[in-house]
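These features come from TrEMBL:
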| type | residues | note |
| --- | --- | --- |
| DOMAIN | 20-91 | domain 'CCDC43 PWI-like' |
| REGION | 141-222 | region 'Disordered' |
| COMPBIAS | 144-156 | compositional bias 'Acidic residues' |
| COMPBIAS | 170-209 | compositional bias 'Basic and acidic residues' |
| COMPBIAS | 210-222 | compositional bias 'Basic residues' |
Amino acid sequence: SSTVRRSNSVMAAGVTDNMVMFDSWLNAKLQNLNTDEEVFSAYIRGILEGEELEDEKRTALSELLQDIIVDEDQNLQLTNDILCHWSQTQKTDSRVADISLGDVEAQLSRIIKIQQQTSVKPKERSDEEKKLRQSILAQYAEISDGEEEDDDEEYSGGDVGVAKNTNSEEAMKLEKGIKEKLRQDSQQKKEKDKEDREKQKQLQQDRKEKEKKRTQKGEKKR
């Protein structure tokens, strides 16, 4: 059986890099406050990734940071810094996604144009077409080791009319496959984001319950 290899898209790489940079910045801030950055960063990310309005997120962040920052001005400053950095990260991620998607669509258009206009035998595909096709497949699809052998056999015979039909069909299949891959990637990301938000909300709820119990115990001691 042929071995399947997977390649990460430019879009995913760009988004991941931005989130890593944000997490590193946030963890450094929390470390300087001598607190458990892993716990608090998880709470903060849960708030930021929620669907609430920015004012609601600001309030939630401020209340959370009260546990580690007593000074009101410092609390407000860090809250604003976190929201500002998060906003910049989201804007950058959006630009990366738009550029990557636009790039692959442009490449697809070039491939389809080359394939539909070709008037030579199939096995005489241009180097440009081959490179573009391989580049897109490497970034957005799963490629088996035997795929190129199959392509060579497919392009080894037939007249010009058959060649054009084959090229057109292959272009349509390629475009459909890549769009489906992008759709699946997008759906998986949405599901993961939803799952992460639910986990963070549960963590927040658990924290509130613990805080409530701690307050009740303190009142009983009085």
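Glycine is no exception: its Cβ is also placed from the backbone N, Cα and C atoms.
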Mean of the pLDDT scores, which run from 0 to 100, over the domain 'CCDC43 PWI-like' (20-91): 89
DSSP helix/strand/coil residue counts for the compositional bias 'Basic and acidic residues' (170-209): 40 helix, 0 strand, 0 coil
Summary of DSSP states over the domain 'CCDC43 PWI-like' (20-91), given as helix, strand and coil counts: 57 helix, 0 strand, 15 coil
